[in-house]
Amino acid sequence: MSVFLIPFRDLLLSVALGQVLSLLICGIGLTSKYLSEDFHANTPVFQSFLNYILLFLVYTTTLAVRQGEENLLAILKRRWWKYMILGIIDIEANYLVVKAYQYTTLTSVQLLDCFVIPVVILLSWFFLLVRYKAVHFIGIVVCILGMGCMAGADVLVGRQQGAGENKLIGDLLVLGGATLYGISNVCEEYIVRNLSRVEFLGMIGLFGSFFSGIQLAIMEHKELLKVPWDWQIGLLYVGFSACMFGLYSFMPVVIKKTSATAVNLSLLTADLYSLFCGLFLFHYKFSGLYLLSFFTILVGLMLYSSTSTYVAQDPRVYKQFRNPSGPVVDLPASSQMEPSVTYTSLGQETEEEPHVRVA
């Protein structure tokens, strides 16, 4: 199998796009930290609810005014239960990881959250038929070593906030959240490649706002009443919602140009950005291992993104998600099957939202 190298400019763009997502997550983490520690506003469900409402107002309403089979009602008629499940998975992934901070250490969360990477790799291998080369696995190992270096630095400087008596429960919550994140990311990659970014965000906004609203009413309404509302808290909620909305809106674009695996590797630097900000804002102790960790992760990203992955067969075999009730269509045989579909290439695409029509 030949190796498909990525042009250096496209390689840098791939890494840069992932770092934009990491910076947005950094903003999410900082605003959440101020809300919980300075203002004692422990409202993770409400914060997610605000994001889903924004997605609903922008993307679900966009689907509602479309015509034809891309209309909101037409999509719901064909695939409503699949998007409902995906919406619940996305909600609970966010909730489990945030809840884990009450039981386990920050270092444990950072390390165990890496479990999303093997989950994404396995799901991509079996369901998206993505095939990796040796350089991809080397890059993944280097990135995880970088995370291990950061965890070691946290131990050396005594930065292990969040330790509790039920550490096992916290660790299991992180693993559960990471697994759900992996499922959500792989589904997102399939949808934005074969259907539509707006459809994915619109459906997540619809079902996410509905089910998170129910969860908010049941689990967090008392905490919401305790929030000492003022303009500072309001500004923090606005900042959190803006970063979260930006993350959800921009992530499908990056996933479409790279892959779910590449995105999750890029997000490993988010904790380091938060830490660098914390050196000035929260007076964290500094260790040279943090810089070593940051550059190790970037090297791993460069290695992973330097070569394109490929798929084992035409991805249109997954037409059952798009039209499960329709007849099975035999795709025309080609005299020579295209050996590669580039997932990490960032070349210009001929269509902004490509669709695969199945009769």
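Our numbering is plain: 1 for the first residue shown, then up by one each step along the chain.
Yeah, the Cβs are placed from backbone N, Cα and C, and that goes for glycine too.
Where the annotation comes from TrEMBL, it is an automatic prediction and has not been curated.
According to TrEMBL, the protein has these features:
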type     : residues : note
TRANSMEM : 12-30    : transmembrane segment
TRANSMEM : 50-68    : transmembrane segment
TRANSMEM : 80-98    : transmembrane segment
TRANSMEM : 110-130  : transmembrane segment
TRANSMEM : 137-156  : transmembrane segment
TRANSMEM : 168-186  : transmembrane segment
TRANSMEM : 198-219  : transmembrane segment
TRANSMEM : 231-250  : transmembrane segment
TRANSMEM : 262-284  : transmembrane segment
TRANSMEM : 290-312  : transmembrane segment
REGION   : 332-359  : region 'Disordered'
COMPBIAS : 333-348  : compositional bias 'Polar residues'
Recorded stretches the transmembrane segment (137-156) and the transmembrane segment (80-98) touching, at least 3 CB pairs under 8 Å: no
Highest-contact recorded stretch vs the transmembrane segment (290-312), from 50-68, 110-130, 198-219, 231-250, CB pairs under 8 Å: 110-130
Top Cβ-contact partner of the transmembrane segment (168-186) among 80-98, 231-250, 262-284 (pairs under 8 Å): 80-98
Tertiary contacts of the transmembrane segment (231-250), as residues 6+ beyond its ends and Cβ separation under 8 Å: 20-21, 24-25, 27-28, 31-32, 34-35, 39, 41, 47-48, 50-51, 54-55, 58, 201, 204
Maximum Cβ pairs under 8 Å to the transmembrane segment (50-68) - stretch from the list 12-30, 80-98, 198-219, 262-284: 198-219
Dominant neighbour of the transmembrane segment (198-219) in 12-30, 80-98, 262-284, by Cβ pairs under 8 Å: 80-98
